[in-house]
Amino acid sequence: MDPLKAQQLAAELEVEMMADMYNRMTGACHKKCVPPHYKEAELSKGESVCLDRCVSKYLDIHERMGKKLTELSLQDEELMKKMQQGVTST
């Protein structure tokens with residue numbers, strides 16, 4: 001595959017993943033913090049605080065999971081290299 005096309009595909013996938021994360025986060029936080037039948041157009045103080053905390057926690061967990069998955073992926077790559085070296089040296 002052409003490196004430019006690969007880079008473009010990776011960028012498109014990243015945008016799609018970020019949009020998916022945003023949609024899931026807003027849906028989950030809205031469901032948790034805003035009652036299904038509301039009478040006011042503006043958020044109440046409690047709803048606003050709840051949404052702020054929910055989004056903050058969601059992003060924090062997303063970042064932690066990303067770091068952990070990257071760490072595990074690197075460990076897997078190192079293990080595969082060691083296994084391949086063991087196979088080629090025998």
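Easy rule for this one: first residue shown is 1, then count along the chain.
Cβ atoms here come from the backbone N, Cα and C positions, even for glycine.
Residue ranges 29-54, 55-80 are listed, and Swiss-Prot annotates 29-54 among them as motif 'Twin CX3C motif'. Confidence in the motif 'Twin CX3C motif' (29-54), given as mean pLDDT, stands at 94. Residue counts for the motif 'Twin CX3C motif' (29-54) by DSSP state, with H, G and I taken as helix and E and B as strand, are 15 helix, 0 strand, 11 coil. For Cys33 (disulfide bond), the same-chain residues that are 6 or more apart in sequence and have a Cβ closer than 8 Å to its Cβ are Glu47, Cys50, Leu51, Cys54.
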